[in-house]
Amino acid sequence: MSNDELILLNYWPSLFGARVRIALEEKGLKYEYREEDLPNKSPLLLEMNPVYKKIPVLIHNGKPICESNIIAQYIDEVWNDRAPLLPSDPYEKAQARFWASYSDKIRDVGWKITYRKNNEEAVESKNELLEMLKALEGALGDEPYFGGENFGYVDISLIGCYMMFYTYETYANFSIEAECPKLIAWVKRCLERKSVSKSLGDPKIVYEIAVEWGKRLGLGLSTSLSACTVLSSLESEDFWRGRVKINKRDGDH
C-alpha cells in the first residue's frame, strides 16, 4: 500500500486528533495534514463527515474514516504488518477497547472543572477526575505501558488528555502527579517517543485558549452553563479564528 493517499483533517488542540496523528506516526505512514478552522469548516470536512461534521477525519484514498478510536483501529488493521497497536489475544483486545472507551470520559469530566457552575461542582468534578485517573493507574500497574512492554492502543487513546492536565490542575488547584505518580511517570515515558512529542500541543497554550474561551463566553465560577452547553459552543465561537495555527515541529506532516 505504498501508493496510498492519506489526508488528516484535524485541529491541533484536539486530543482526539492527537490519537490519529500518533497512530499514523507509530506506523511510519506518510500523510497530508490539513488544519481545520472550526468556525469555518471546510467543504471537504462537511463532505467527509456529514453526520457529525467534526474532526478528526482520516481520508484514505478518497474514503473517510471518522471517530478517533475507530480511526486508530482502522490504521492498525490496514497496516497490520508493522508496529501492532492492539493485542492479538481477543480478551486482551477487548480490555484495550474498554480502557480506550473509558478514557473518552476524562474530557467530559475535565470540562466540568474548567467551566463549572460553582466551587462545589469544581471540587466534585476534580474528585471524579482523580477517581478515573486512579482507575487507569491501576490498569497500568507496574508496566511501562498499558500494553505491557509495548506502546499501543490504550496509550494512544489516553495520552492526548495530557494536553488538558495543566488546565485542570490550574483551575482546580491540585497536582495530578501528587495524586497519580505512576500515571505521570507513564506520561513522561510516552513523551520520550517522537510519535507522541510531535503530535501533542503545548499544554500551556491549550490553557491560554481555555481561559480566553471562558472570557469570550462569559464563563466563571457563577456560570449556569452546563459542560454540555460549553462543549456545543466550541465550534461556533469566533475567537477560535486566530488560534488555529498548529505548533509545527521538524518532521511534521
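The backbone N, Cα and C atoms fix where each Cβ goes, glycine too.
Secondary structure of the domain 'GST N-terminal' (4-83), assigned with DSSP and counted as helix (H, G, I), strand (E, B) and coil, comes to 33 helix, 17 strand, 30 coil. For 4-83, the entry in TrEMBL reads domain 'GST N-terminal'.
Under the heading domain 'GST C-terminal', TrEMBL lists 89-213. Across the domain 'GST C-terminal' (89-213), DSSP helix (H, G, I), strand (E, B) and coil residues number 95 helix, 4 strand, 26 coil.
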Within the predicted model, mean pLDDT of the domain 'GST N-terminal' (4-83): 97
